[in-house]
Amino acid sequence: MKLTPIPQPLFATVMGLAGVSLAFRRTTIDEIALGFAIFATAIWIALTLGFLYKVAVSPGVVGADLLHPITSSFFAAIPLGGLLSVASLKGFIAEPILTPVWCFIAVLQILIMLAVMWVWMRPEVTTTHVTPAWFLPLVGNLVAPLYSFDLFPDASWFFFGIGVITWLGVLPVVWNRMFLHDQRIPLPLRPTIFILIAPPALITINIFNFGLLSPTDSIAYGLLGVTTFFSFLVAVRLPDIIRTPFGLPWWASTFPSAALASVLFNFSTIAGWVVLVPLSIWVSYLSVRTTRAYFRGQFHAG
């Protein structure tokens, strides 16, 4: 057995598990939701401790990853996983316990987002460095209100506003890379295309949580159209995506799909289950494959 230092993309496992938990909260099966939430939280704690150890013993490696325009985006998966874990535990654990944790991780989310965006603004960064993973530092701002929307409305709107404007700003950059650039997204990173679904899905969920719209409103169907459009856009790329060898980027398919399921449950229970059932099987499969690959030392440390 050969263990490797914790790679930042491994935190995407937490995002997928917590996302499935939140999707099950839209159903009446709270036991399954709690199981996924506990699993996600336990993994996030273990990975965070492992990552802190990596920072202590290999600060140069961590620093190089943070300064790289591609790998830097995956640092955002750390607070993202934490925020999703806290949101998935809401209602199961007392708010006086969860709220301080949320506050700390929310501040960390802002700091990591600013650090990553500073890396993007460096002169050596070019279009070839752009991938859908660039959405990760921005998505955290849309995840934060999932816990706080009824506890801290002002802070929730603060994060929501940042998430919306940064998504709209980065979206054309990513589209340019996907559609117009001569050098397409590298094969190992193609599953990250699923991340396109996450921002519009989270925007829709938050607007419902804020009480601005109900699923019966016409504008709500407009938001559903935006989310499903990005889902269809990902679907037409599936022939390219499925050729990707197994690796951590495959986890990028899980959380956006869970967010899509959560949106669909607001409009149609059947449609929500159509996404959630195969997603649950897929997440279970990825969990087994990832655990086996990690303990065999098959992941890079970076």
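Even glycines carry a Cβ here, placed using N, Cα and C.
Just so it is clear, the model here is predicted, and its values are computed rather than measured.
Sequence annotations record features per position, and here TrEMBL assigns transmembrane segment to 33-53, 74-93, 99-121, 133-149, 155-175, 187-212, 218-236, 271-288.
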Problem - Folded-back contacts onto the transmembrane segment (133-149), same chain, C-beta under 8 angstroms, at least six residues removed - result: 22, 70, 73-77, 79-80, 83-84, 86-87, 90, 98, 102, 106, 109-110, 112-113, 116-117, 120, 155-157, 159-160, 162-164, 166-167, 170, 173-174, 189, 192, 195-196, 198-199, 202-203, 205-206, 209-210, 252
Practice task
Would you mind listing the long-range same-chain contacts of the transmembrane segment (155-175), meaning Cβ under 8 Å and 6+ residues beyond its ends?
Solution key: 106, 109, 113, 127, 130-132, 134-135, 138-142, 144-145, 148-149, 196, 199, 202-203, 206, 210
